[in-house]
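The annotation coiled coil is assigned in Swiss-Prot to 22-73. The annotation phosphoserine is assigned in Swiss-Prot to S29, S86, S122, S131, S149, S174. Sequence annotations record features per position, and here Swiss-Prot assigns omega-N-methylarginine to R133. The phosphothreonine annotation in Swiss-Prot covers T146. Per Swiss-Prot, region 'Disordered' is recorded for 1-20.
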Amino acid sequence: MEAQAQGLLETEPLQGTDEDAVASADFSSMLSEEEKEELKAELVQLEDEITTLRQVLSAKERHLVEIKQKLGMNLMNELKQNFSKSWHDMQTTTAYKKTHETLSHAGQKATAAFSNVGTAISKKFGDMSYSIRHSISMPAMRNSPTFKSFEERVETTVTSLKTKVGGTNPNGGSFEEVLSSTAHASAQSLAGGSRRTKEEELQC
């Protein structure tokens, strides 16, 4: 029994070696001359058929080009059509739609932000302008030393003018009264000068 088992074990590697030898063997030595001639004839026939098919394919391609030229479909038009189709296909994809929506949303946010900044700047300038006007018109501004000094200078000038034109007012008066009286005195002076000019013309 042991000898038989050992014999079986020894035959397995031999079978594998035989298969490798068969796979790498040259079958040409196993073929007869008639079989070789038949295979050679079949090989030539296949090569001829392949050559014929290539010629037919080339003729079909030339005919296709002629038809496209007659229809005005040149290479540039085909490229444009392919590009347009590819662009349309890309626009219909979910990824492109999401990207487009994201960019549009971001653009809207940027526009709104710039608008808010412009509004804030305009409001700030408006507040500054109002503050300046309000500061000038405030009583504190009128009571400031600078404004009082200016008012005193004007009042002194007006008083001197009144003295030259028609005399001073012994009772004094406020700044507004001084200006009013000065304007009235100036009007009377102009009227008197006009009457004297007419009288001189009549005497001449």
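Each Cβ is built from the backbone N, Cα and C atoms, and glycine gets one as well.
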When distances run from the Cα of S122 (phosphoserine) to each of the modified residues S86, T146, S149, the nearest one: T146
Integer Cα-Cα distance in angstrom, S29 (phosphoserine) to S86 (phosphoserine): 58
Let's check the environment of T146 (phosphothreonine): how many other CB atoms sit within 10 Å of its CB? 8
Across the coiled coil (22-73), the model's average pLDDT, rounded to a whole number, is 86
Give the number of CB atoms, excluding that of S149 (phosphoserine) itself, located within 10 Å of its CB. 10
Which of the listed modified residues (S29, S86, S122) has the least company, meaning the fewest other Cβ atoms within 10 Å of its Cβ? S29
Which whole-number value in Å describes the distance between the Cα atoms of S86 (phosphoserine) and S149 (phosphoserine)? 83
